Amino acid sequence: MAATLSRLDISVDGVSVTYNNARLALYNATCTVEPGTITALVGPNGSGKSTLFKSIMGFLQPSQGRVRIGGFSVQKAQKQQLMAYVPQADEVDWNFPVSVFDVVMMGRYGYMNVLRIPSAKDRRLVMESLERVGMVKYRDRQIGELSGGQKKRAFLARALAQEGKVILLDEPFTGVDVKTEKGMIDLLMELRDEGHTILISTHDLASISTFCDHTILLNRTILAQGKTEETFTKENLELTFGGLPMLSLNQMFESTEVDA
(Lines of atoms letter the chains of each structure in order from A and count residues from 1; the text may use other names and numbers.)
(Lines give C-alpha, C1' and ligand atoms only; values in the text may rest on other atoms or scores of the structure.)
Protein backbone atom coordinates (compact mmCIF):
# COMPACT_ATOMS: atom_id res chain seq x y z
CA MET A 1 0.00 0.00 0.00
CA ALA A 2 1.41 3.39 -0.96
CA ALA A 3 1.76 6.00 1.74
CA THR A 4 -1.02 8.56 1.48
CA LEU A 5 0.00 10.78 4.39
CA SER A 6 1.23 14.18 3.32
CA ARG A 7 3.18 14.57 6.56
CA LEU A 8 5.01 11.76 8.35
CA ASP A 9 6.27 11.48 11.90
CA ILE A 10 9.20 9.45 13.26
CA SER A 11 8.40 7.29 16.27
CA VAL A 12 11.25 5.69 18.25
CA ASP A 13 10.00 3.31 20.93
CA GLY A 14 12.37 1.79 23.50
CA VAL A 15 15.27 1.39 21.09
CA SER A 16 18.53 -0.08 22.37
CA VAL A 17 21.58 -0.83 20.23
CA THR A 18 24.52 -3.00 21.27
CA TYR A 19 27.55 -3.34 19.00
CA ASN A 20 29.47 -6.57 18.41
CA ASN A 21 32.02 -5.69 21.08
CA ALA A 22 29.12 -5.65 23.57
CA ARG A 23 29.30 -1.85 23.87
CA LEU A 24 25.88 -0.39 24.58
CA ALA A 25 25.55 2.57 22.20
CA LEU A 26 21.91 3.41 22.84
CA TYR A 27 19.63 2.42 25.71
CA ASN A 28 15.83 2.45 25.77
CA ALA A 29 15.56 5.55 23.57
CA THR A 30 12.00 6.78 23.14
CA CYS A 31 11.13 9.94 21.23
CA THR A 32 8.86 11.35 18.56
CA VAL A 33 9.75 13.68 15.72
CA GLU A 34 6.57 15.57 14.92
CA PRO A 35 5.44 15.68 11.27
CA GLY A 36 6.18 18.83 9.30
CA THR A 37 8.77 20.13 11.77
CA ILE A 38 12.51 20.63 12.08
CA THR A 39 13.85 18.80 15.13
CA ALA A 40 17.40 19.09 16.45
CA LEU A 41 19.12 16.02 17.89
CA VAL A 42 21.71 17.27 20.37
CA GLY A 43 24.31 15.44 22.45
CA PRO A 44 28.06 15.18 23.04
CA ASN A 45 30.40 13.10 20.90
CA GLY A 46 29.76 9.41 21.49
CA SER A 47 26.26 10.03 22.82
CA GLY A 48 24.58 7.80 20.22
CA LYS A 49 23.33 10.41 17.74
CA SER A 50 24.68 8.62 14.66
CA THR A 51 23.55 5.28 16.09
CA LEU A 52 20.01 6.62 16.44
CA PHE A 53 20.12 8.00 12.90
CA LYS A 54 21.27 4.66 11.50
CA SER A 55 18.55 2.85 13.45
CA ILE A 56 15.91 5.15 12.00
CA MET A 57 17.26 4.67 8.48
CA GLY A 58 17.45 0.89 8.88
CA PHE A 59 21.24 0.74 8.57
CA LEU A 60 21.40 -0.79 12.08
CA GLN A 61 19.06 -3.34 13.62
CA PRO A 62 18.19 -2.43 17.22
CA SER A 63 18.66 -5.15 19.82
CA GLN A 64 15.29 -4.10 21.24
CA GLY A 65 12.54 -1.61 20.49
CA ARG A 66 11.20 -0.41 17.16
CA VAL A 67 11.10 2.56 14.81
CA ARG A 68 8.07 3.61 12.77
CA ILE A 69 7.87 6.19 9.98
CA GLY A 70 4.36 7.56 9.65
CA GLY A 71 3.11 4.28 11.12
CA PHE A 72 5.12 2.21 8.65
CA SER A 73 7.96 -0.13 9.52
CA VAL A 74 11.42 1.06 8.50
CA GLN A 75 11.50 -1.62 5.79
CA LYS A 76 8.22 -0.42 4.24
CA ALA A 77 9.32 3.19 4.51
CA GLN A 78 12.53 2.34 2.66
CA LYS A 79 10.66 0.54 -0.12
CA GLN A 80 8.37 3.52 -0.56
CA GLN A 81 11.29 5.97 -0.62
CA LEU A 82 9.85 7.88 2.33
CA MET A 83 13.23 8.69 3.90
CA ALA A 84 16.33 10.49 2.66
CA TYR A 85 19.68 10.75 4.45
CA VAL A 86 22.50 13.30 4.35
CA PRO A 87 25.55 11.56 5.89
CA GLN A 88 28.53 12.90 7.78
CA ALA A 89 31.54 13.70 5.62
CA ASP A 90 33.63 10.86 7.04
CA GLU A 91 31.08 8.29 5.84
CA VAL A 92 31.73 9.14 2.18
CA ASP A 93 34.58 7.96 -0.08
CA TRP A 94 35.44 11.27 -1.70
CA ASN A 95 37.91 9.62 -4.08
CA PHE A 96 35.20 7.58 -5.76
CA PRO A 97 35.10 8.58 -9.46
CA VAL A 98 31.60 10.02 -9.67
CA SER A 99 30.38 13.48 -10.59
CA VAL A 100 28.02 15.65 -8.59
CA PHE A 101 25.29 14.82 -11.11
CA ASP A 102 25.91 11.09 -10.55
CA VAL A 103 25.67 11.48 -6.77
CA VAL A 104 22.36 13.32 -6.99
CA MET A 105 21.06 10.73 -9.48
CA MET A 106 21.67 8.07 -6.81
CA GLY A 107 18.67 9.54 -5.07
CA ARG A 108 16.56 8.24 -7.95
CA TYR A 109 17.87 4.65 -7.88
CA GLY A 110 14.92 3.44 -5.82
CA TYR A 111 12.58 4.42 -8.65
CA MET A 112 14.56 2.68 -11.43
CA ASN A 113 14.64 -0.91 -12.69
CA VAL A 114 17.70 -3.16 -12.29
CA LEU A 115 19.44 -1.55 -15.28
CA ARG A 116 19.29 1.85 -13.57
CA ILE A 117 18.59 3.74 -16.77
CA PRO A 118 17.39 7.25 -15.83
CA SER A 119 14.09 8.46 -17.24
CA ALA A 120 13.38 11.99 -18.39
CA LYS A 121 11.66 12.56 -15.04
CA ASP A 122 14.75 11.35 -13.15
CA ARG A 123 16.98 13.78 -15.04
CA ARG A 124 14.53 16.63 -14.56
CA LEU A 125 14.31 16.06 -10.80
CA VAL A 126 18.09 15.85 -10.50
CA MET A 127 18.53 19.18 -12.27
CA GLU A 128 15.75 20.79 -10.22
CA SER A 129 17.41 19.56 -7.02
CA LEU A 130 20.80 20.89 -8.10
CA GLU A 131 19.19 24.21 -8.95
CA ARG A 132 17.54 24.42 -5.57
CA VAL A 133 20.83 24.02 -3.68
CA GLY A 134 22.77 26.23 -6.09
CA MET A 135 24.99 23.46 -7.49
CA VAL A 136 24.06 23.29 -11.18
CA LYS A 137 27.38 24.74 -12.35
CA TYR A 138 29.24 22.03 -10.42
CA ARG A 139 27.22 19.12 -11.82
CA ASP A 140 30.12 17.65 -13.83
CA ARG A 141 32.75 18.06 -11.11
CA GLN A 142 34.17 15.00 -9.32
CA ILE A 143 32.66 14.89 -5.85
CA GLY A 144 36.02 15.00 -4.05
CA GLU A 145 36.97 18.28 -5.73
CA LEU A 146 34.23 20.20 -3.93
CA SER A 147 34.61 22.38 -0.85
CA GLY A 148 33.07 21.24 2.44
CA GLY A 149 29.93 23.30 1.95
CA GLN A 150 29.53 22.19 -1.67
CA LYS A 151 29.76 18.55 -0.63
CA LYS A 152 26.97 19.01 1.89
CA ARG A 153 24.81 20.79 -0.68
CA ALA A 154 25.39 17.98 -3.20
CA PHE A 155 24.14 15.38 -0.74
CA LEU A 156 21.21 17.58 0.23
CA ALA A 157 20.36 17.71 -3.49
CA ARG A 158 20.47 13.90 -3.54
CA ALA A 159 17.95 13.87 -0.68
CA LEU A 160 15.69 16.27 -2.59
CA ALA A 161 15.89 14.15 -5.75
CA GLN A 162 14.82 11.12 -3.74
CA GLU A 163 11.57 12.92 -2.86
CA GLY A 164 11.59 11.56 0.68
CA LYS A 165 9.08 13.18 3.02
CA VAL A 166 11.42 12.52 5.96
CA ILE A 167 14.96 13.92 5.76
CA LEU A 168 17.74 13.11 8.23
CA LEU A 169 20.90 15.25 8.24
CA ASP A 170 23.90 14.10 10.29
CA GLU A 171 26.09 17.08 11.23
CA PRO A 172 25.38 19.03 8.01
CA PHE A 173 27.06 22.25 9.18
CA THR A 174 30.46 20.78 10.06
CA GLY A 175 33.14 22.37 7.86
CA VAL A 176 30.64 24.80 6.35
CA ASP A 177 31.05 28.58 6.25
CA VAL A 178 28.47 30.94 7.74
CA LYS A 179 26.97 31.95 4.38
CA THR A 180 26.50 28.33 3.27
CA GLU A 181 25.02 27.38 6.64
CA LYS A 182 22.48 30.20 6.41
CA GLY A 183 21.53 29.12 2.90
CA MET A 184 21.06 25.53 4.02
CA ILE A 185 18.96 26.61 7.01
CA ASP A 186 16.75 28.76 4.76
CA LEU A 187 16.22 25.76 2.46
CA LEU A 188 15.44 23.44 5.39
CA MET A 189 12.82 25.90 6.61
CA GLU A 190 11.28 25.98 3.13
CA LEU A 191 11.17 22.17 3.08
CA ARG A 192 9.50 22.13 6.49
CA ASP A 193 6.87 24.57 5.25
CA GLU A 194 6.26 22.23 2.30
CA GLY A 195 5.47 19.41 4.74
CA HIS A 196 8.78 17.61 5.15
CA THR A 197 9.74 16.16 8.52
CA ILE A 198 13.38 17.00 9.24
CA LEU A 199 15.68 15.57 11.92
CA ILE A 200 19.08 17.22 12.16
CA SER A 201 22.05 16.26 14.32
CA THR A 202 24.20 19.28 15.06
CA HIS A 203 26.93 20.62 17.34
CA ASP A 204 26.08 24.20 16.38
CA LEU A 205 24.16 24.97 19.57
CA ALA A 206 24.00 28.71 18.92
CA SER A 207 21.75 28.36 15.86
CA ILE A 208 19.30 25.72 17.09
CA SER A 209 16.79 28.13 18.63
CA THR A 210 16.70 30.17 15.42
CA PHE A 211 15.24 27.45 13.18
CA CYS A 212 14.47 24.21 15.06
CA ASP A 213 10.87 23.77 16.22
CA HIS A 214 11.71 20.94 18.59
CA THR A 215 14.84 19.60 20.30
CA ILE A 216 15.78 16.12 21.50
CA LEU A 217 18.64 15.86 24.00
CA LEU A 218 20.51 12.56 23.93
CA ASN A 219 23.32 10.95 25.90
CA ARG A 220 23.00 7.19 25.34
CA THR A 221 19.29 7.63 26.10
CA ILE A 222 16.74 10.41 25.64
CA LEU A 223 17.15 12.96 28.44
CA ALA A 224 14.67 15.60 27.30
CA GLN A 225 12.48 16.41 24.30
CA GLY A 226 9.88 18.97 23.34
CA LYS A 227 9.52 22.43 21.88
CA THR A 228 12.90 24.10 21.59
CA GLU A 229 12.01 27.08 23.77
CA GLU A 230 10.98 24.69 26.57
CA THR A 231 13.66 22.00 26.17
CA PHE A 232 16.76 23.88 25.08
CA THR A 233 17.64 25.24 28.52
CA LYS A 234 20.94 25.60 30.36
CA GLU A 235 19.77 23.09 32.95
CA ASN A 236 18.97 20.44 30.33
CA LEU A 237 22.20 21.12 28.45
CA GLU A 238 24.20 20.71 31.65
CA LEU A 239 22.45 17.38 32.21
CA THR A 240 23.24 16.31 28.64
CA PHE A 241 26.82 17.52 28.31
CA GLY A 242 27.89 16.92 31.88
CA GLY A 243 31.18 18.76 32.35
CA LEU A 244 30.51 21.58 29.89
CA PRO A 245 31.26 24.72 31.95
CA MET A 246 28.41 27.07 32.77
CA LEU A 247 30.46 29.88 31.25
CA SER A 248 30.36 28.16 27.85
CA LEU A 249 26.60 27.73 28.10
CA ASN A 250 26.13 31.37 29.11
CA GLN A 251 28.23 32.51 26.14
CA MET A 252 26.20 30.30 23.81
CA PHE A 253 22.88 31.71 25.06
CA GLU A 254 24.15 35.30 24.86
CA SER A 255 25.29 34.65 21.28
CA THR A 256 21.87 33.26 20.39
CA GLU A 257 20.10 36.30 21.83
CA VAL A 258 22.32 38.69 19.86
CA ASP A 259 21.90 36.76 16.61
CA ALA A 260 18.14 36.67 17.02
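The first residue you see is number 1, and the count goes up from there.
The backbone N, Cα and C atoms fix where each Cβ goes, and this holds for glycine too.
What Swiss-Prot says about this one:
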BINDING   Gly43, Pro44, Asn45, Gly46, Ser47, Gly48, Lys49, Ser50  ATP binding site
DOMAIN    10-245  domain 'ABC transporter'
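A 10 Å cutoff on Cβ-Cβ distances gives Gly43 (ATP binding site) a total of 21 other Cβ atoms nearby, all chains included.
Across the residues of the domain 'ABC transporter' (10-245), the predicted structure has a mean pLDDT of 92. The ATP site is defined by Gly43, Pro44, Asn45, Gly46, Ser47, Gly48, Lys49, Ser50, and by the 8 Å test on Cβ atoms against their centroid, the other residues of the chain that qualify are Thr51, Leu218, Asn219. Neighbour counts were taken at the CB atom with a 10 A radius for the binding-site residues Pro44, Gly46; the maximum falls on Pro44. Ranking the binding-site residues Gly48, Lys49, Ser50 by how many other Cβ atoms lie within 10 angstroms of each Cβ puts Ser50 at the bottom.
Cβ crowding, taken as the number of other Cβ atoms within 10 Å, peaks at Ser47 among the binding-site residues Asn45, Ser47.
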